[in-house]
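Accompanying notes for the structure given below.
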């Protein structure tokens, strides 16, 4: 049921998924919801987020540590998302974005997503540091890169094309990190 909830959430967002739909999609007995998920839909969605990202961050951190060049690392950041989009014909998106949009009023889910995004941001910042950026600059660039990735995921789903991910990859792969070149500050 958790896997079904994860799939449906990534397709429709949290508000677009009903418990009956999860049961029907999973083929499981309806009575099992209360037994296995006494916290109701919130508990089920929390577990679905974990399942949707199972192994992704561990794999990402491991492969990023092995990257030999910054452009290679950027490609590794985008590869799992490109694979998910293409393999599922652009029907599945990022479970974190879906959760933030649909469950902003649910502090438990919001904090869970915030923690997962912080982990992802740390992994990306570590890549910038590995290739020469200072920690402060790395944090700024990681924020910009993750924002671009999330935006590209939305655009890719809307256009049913991986082109937005390709654009983000080319842009950031060409912008090699430096120790001091942070995100530009707007003019007053």
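For all residues, glycine too, the Cβ spot is worked out from N, Cα and C.
What TrEMBL records for 4-47 is domain 'HTH tetR-type'. Among residues of the same chain six or more beyond the domain 'HTH tetR-type' (4-47), those with a C-beta under 8 A of the stretch's C-beta atoms are 91-95, 98-99, 101-103, 106, 108-109, 112.
Per-residue pLDDT, averaged over the domain 'Transcriptional regulator LmrA/YxaF-like C-terminal' (72-170), rounds to 91. Marked as domain 'Transcriptional regulator LmrA/YxaF-like C-terminal' by TrEMBL: 72-170.
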